[in-house]
Amino acid sequence: MNVTKEIQRINEQELNRNIQLSGSWHDQYSDSPYIFVGNIPFDLTEGDIISVFSQYGEILDVQLVRDKKTGTSKGFGFLKYEDQRSTILAVDNLNNTNLLGRTIRVDHASAKTKDGQRRMGMNAIPSIMNDDETKKSSTSSSEDEFADKVDPDDPMRDYIIKKLKKEKKKEKKRVKKEKKSKKEKRIKTHESNS
């Protein structure tokens, strides 16, 4: 029996028996706000996934697994909710549903990766939840400079802006170094002519 149907069967049994959350199979994942999403249509982006899954809670992180060489989606990923209870709603309501012609699998996931590392990431954190950081960055003139270049709804917005800032800083250092080098050459030329 496939996993999506098994999850559905277990959920139906728990409903029929009126099992409380503390006795539910969901309770073993009470320490993990992550879910696994499988059989995702390949043309969906992180933003599309957020749109579908945000109906059950605030999403803080989306890790759509991509091919390292081509960058194309492998059709599965992990999603982190702000509140672990949202994972139960997503698993119960979206598992075994049809999304663009594909039956998706939605299941709880451990907060740790296969190699035992804790899953990290907050690439989809809503700006209102991270208000202090938003205030700091909104006062930055370089942020304003890049704000027009990056889609405000892009879940990778903060990362992209940081990357653009870093590139600008690197370019400024290069220009400064180049100016210093030219100045030193002028001084040497002037000293040799004197």
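Even glycines carry a Cβ here, placed using N, Cα and C.
The model shown is predicted, which means the values in this text are computed figures rather than measured ones.
Residues annotated as domain 'RRM' in TrEMBL: 33-111.
Taken from TrEMBL, the feature region 'Disordered' applies to 110-194.
Summarising the annotation, TrEMBL assigns compositional bias 'Basic and acidic residues' to 147-161.
The compositional bias 'Basic residues' annotation in TrEMBL covers 162-188.
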Secondary structure split (DSSP) over the compositional bias 'Basic residues' (162-188) reads 27 helix, 0 strand, 0 coil
Mean pLDDT across the domain 'RRM' (33-111) comes out at 90
